[in-house]
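K.L.:
According to TrEMBL, the protein carries these features:
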- GLU171: active site, proton donor/acceptor (ACT_SITE)
- HIS17, GLU20, HIS109: Zn(2+) binding site (BINDING)
- ARG59, GLU171, TYR281: N-acetyl-L-aspartate binding site (BINDING)
- ASN66, ARG67, TYR157, SER158, THR159, SER160, ARG161: substrate binding site (BINDING)
- 8-199: domain 'Succinylglutamate desuccinylase/Aspartoacylase catalytic' (DOMAIN)
- 212-292: domain 'AstE/AspA barrel-sandwich hybrid' (DOMAIN)
Amino acid sequence: LLYCHINERVAIFGGTHGNEMSGITLVNLWIKNGKEIQRKGVETKPFITNPRAVEKCTRYVDTDLNRAFTTENLSGDDLPYEVKRAQQINEIFGPKGSPDAYDVIFDLHNTTSNMGCTLILESSKDHFNLQMMHYIKKAIAPDSCPVLLTEHPLLKYSTSRSVAKHPIGLEVGPQPQGVLRSNIFESMRVVLKHALDFIELFNEGLEFPPCSVDVFRVWDKMDYPRDTNGNIIAMVHPNLQDCDWEPLNPGDPMFQMFDGTTVRYEGVGTVYPTFINEAAYYEKQQAFVTTRRETLVAGAIKKA
């Protein structure tokens, strides 16, 4: 049995990317009236992370805020807007890696990909988050709620939520940038409700028994085929488009060249692509992310 400390301080971030409308709209609603997100023994703070980008309805102003929380950035000066903003957020909700940091940060995102409601886990050893995700998955069943594990030796994300002791990303799609869709908005709201319910139950002293959680671990990033000048020369294949979380086997169609020929997947073994054809990732030279399925076991937890 793992004894975790009480989770009294929770933040909900919206607008880390200023054109992802569900989180922005929900956080603005809760700033006006936070009754819906209050739970016994928990202080929940809704917060707009990138107000300038929100005002412009653009992903960011100078640089991606959700990649800005590196050690160098948090201690530097004379910096782009988002890096200064990262320092302010670190002061309010951190410092990152310290005992004074917020207990939990939910960071609300939308994707143009057909990912449904996806929870993002940063560490396979965060038993508290694993227990919470197990609780959410059970609560919204039979609807699915995949868990994306971003733990990877070579891919570093330095996210806004990484300031907290227990960072949780929520990625809901498909929704175009700068657009609100009621079904996506409601899905996000429901997941948040169950997450806060879990924290309240935990704080009341409920013990959560050991459980297992299926996750999709980030494996690799796949770029579009390009010519020698770096221009894209193919599209996501129609057989792959909108098929987030579905198996991609060696030999399966992956890209369609502009002349109609098919580029097939040549990797070793089955992978599960996600963030397929995400609009925001064209600039990151990324057509989709491959993942591998695994099962994590969470130990029993109880409030210390």
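Just so it is clear, glycine is given a Cβ too, placed from its N, Cα and C backbone atoms.
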K.L.:
For the recorded substrate site formed by ASN66, ARG67, TYR157, SER158, THR159, SER160, ARG161, which further same-chain residues have Cβ atoms within 8 Å of the site's Cβ center?
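P.N.:
Apart from the listed residues, the neighbours are THR16, LEU65, ALA68, PHE69, ASP107, SER162.
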K.L.:
Excluding HIS17, GLU20, HIS109 themselves, which residues in that chain have a Cβ inside 8 Å of the centre of the Cβ atoms defining the Zn(2+) site?
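P.N.:
Checked against the 8 Å cutoff, the neighbours are GLY15, THR16, ASN19, GLY23, ARG59, ASN66, LEU108, ASN110, THR111, GLU171, ALA280.
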K.L.:
What is the one among the binding-site residues SER158, SER160 whose Cβ has the most other Cβ atoms less than or equal to 10 Å away?
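P.N.:
The residue with the most neighbouring Cβ atoms within 10 Å is SER160.
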K.L.:
Which of these recorded positions is closest to ASN66 (substrate binding site) if you go by CA atoms: HIS17, GLU20, HIS109, GLU171, TYR281?
P.N.:
HIS17
K.L.:
What other residues of the same chain, not counting ARG59, GLU171, TYR281, have a CB atom within 8 A of the CB centroid of the N-acetyl-L-aspartate site?
P.N.:
HIS17, GLU20, HIS109, THR111, THR112, PHE275, GLU278, ALA279, ALA280
K.L.:
Are there any residues in the same chain, six or more apart in sequence, whose C-beta is under 8 angstroms from the C-beta of ARG59 (N-acetyl-L-aspartate binding site), and if so which?
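P.N.:
Long-range Cβ contacts: HIS17, GLY18, ASN19, ALA53, GLN177, ALA280.
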K.L.:
Taking only the residues the record lists as binding substrate, namely ASN66, ARG67, TYR157, SER158, THR159, SER160, ARG161, what is the largest Cα to Cα distance between any two of them, in Å to the nearest whole number?
P.N.:
10
